[in-house]
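Student: Pasting a structure below so you can have a look.
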Amino acid sequence: MSPRPAPPEVDRVAAAKAAVAARRARAAVKNSVADRSRTALDVAETGWNDPASAEATLRVTELLTSIPTLGPTRVAKLMDTLAISDRKRVGGLGSRQRVKLREYLVTRAGGEPARLVVLAGPTAVGKGTVSAYIRENYPDVLLSVSATTRSPRPGEVDGVHYYFVSDEEFDRKIAAGELLEWATVHNSYRYGTPRPPIDEALAAGRRVLLEIDLQGARLVRQAMPEAILVFLLPPTWEELVRRLIGRGTEDAAEQSRRLETAKVEMAAQDEFDVKVVNHDVSEAAREVVELMAVPISH
Ligand code: 5GP
């Protein structure tokens, strides 16, 4: 077989120019979704209506990743659920895939702002401090009060920081379906999120914050996929160790157990939609609260 003749020089130059222009056009489309000037739904529909458009040549993963609040892990899961391969472009989707993608984007677009935020992160990163700051300074945000089987620390108030319950009472709550999620944390006590106050608050249009551990965050993702999962990071690992040891409320064995847990927890950060570094409590709190005001699809 003889090799195909090279296209004339002028064609190649024109093709290269066209490719650059097309890349620029796709970048502009992605930016418009990222800065919320266009919805992902609008982009997809433009692509479907005009196969020659920049929108049509955009990869579906790129489109979804441009949506603020959709992290790469979530996008990967979504692509899986929608049964769309990574390389597919918007214009190249089959009709069933289009229906599924449209359905997903419509729900997001027409739907509610993401009012439920889950704040997780490694032990001693300062989740408690950030959520306490939010409780004090953003009183309209409902901070979920968890039930726990551990006993109160000095200064902790039943019904404010936790509902301190017996093992029997915790069992009863599980059996009665009163918990949105629950987990055994640090291999010792059980902690769970009471569901009714959350449902009521969301139904009333309030914003809700859950400050729970990683296992709990994963369970909430399953139960309420619309929740935004935030991972609070320490400025550095050394700083995390310093905070962990510095707290001084646990004995050495407990501290090393928590250090181990923290290592495992840090490794899970990429599962989260958003990462917030806890340099400064008020700043981190503001970042978390601002996420809740964000409409989910724009
Ligand atoms: P502490 O005993 O220091 O107050 O909390 C220990 C851990 O339990 C923290 O990582 C905290 O985020 C987590 N936690 C608190 N409440 C809940 C909850 O309702 N569910 C889950 N899964 N974890 C919780």
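Quick reminder: no glycine exception, Cβ is built from N, Cα and C everywhere.
Sharing the feature lines straight out of TrEMBL:
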type	residues	note
DOMAIN	114-293	domain 'Guanylate kinase-like'
BINDING	G121, P122, T123, A124, V125, G126, K127, G128	ATP binding site
Student: Enumerate same-chain residues with a sequence separation of six or more from G121 (ATP binding site) and a Cβ-Cβ distance below 8 A; give 'none' if the list is empty.
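Tutor: Listed in sequence order: K127, F231, L232, L233, E265, N278.
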Student: Within 10 Å of each Cβ, count the other Cβ atoms and name the one among the binding-site residues P122, G126, G128 with the highest count.
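Tutor: Checking each of P122, G126, G128, the winner is P122.
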Student: By a simple count of other Cβ atoms within 10 Å, which of A124, V125, the binding-site residues in the record, is least packed?
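Tutor: Among the binding-site residues A124, V125, the lowest count of other Cβ atoms within 10 Å belongs to A124.
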Student: Using all protein chains in view, find how many other C-beta atoms are within 10 Å of the C-beta of K127 (ATP binding site).
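Tutor: If we count other Cβ atoms within 10 Å of K127 (ATP binding site), we arrive at 22.
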Student: List, in sequence order, the residues of the same chain other than G121, P122, T123, A124, V125, G126, K127, G128 whose Cβ lies within 8 Å of the centroid of the Cβ atoms of the recorded ATP site.
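Tutor: Result: L232, P234, L240, R243, A262, N278.
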Student: With DSSP assignments reduced to helix, strand and coil, which class does G121 (ATP binding site) get?
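Tutor: G121 (ATP binding site) sits in coil per DSSP, no helix or strand.
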Student: Including all protein chains shown, what's the count of other C-beta atoms within 10 A of the C-beta of T123 (ATP binding site)?
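Tutor: The Cβ of T123 (ATP binding site) has 25 Cβ neighbours within 10 Å.
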Student: Quick one: what's DSSP say for G126 (ATP binding site), helix, strand or coil?
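Tutor: G126 (ATP binding site) sits in coil per DSSP, no helix or strand.
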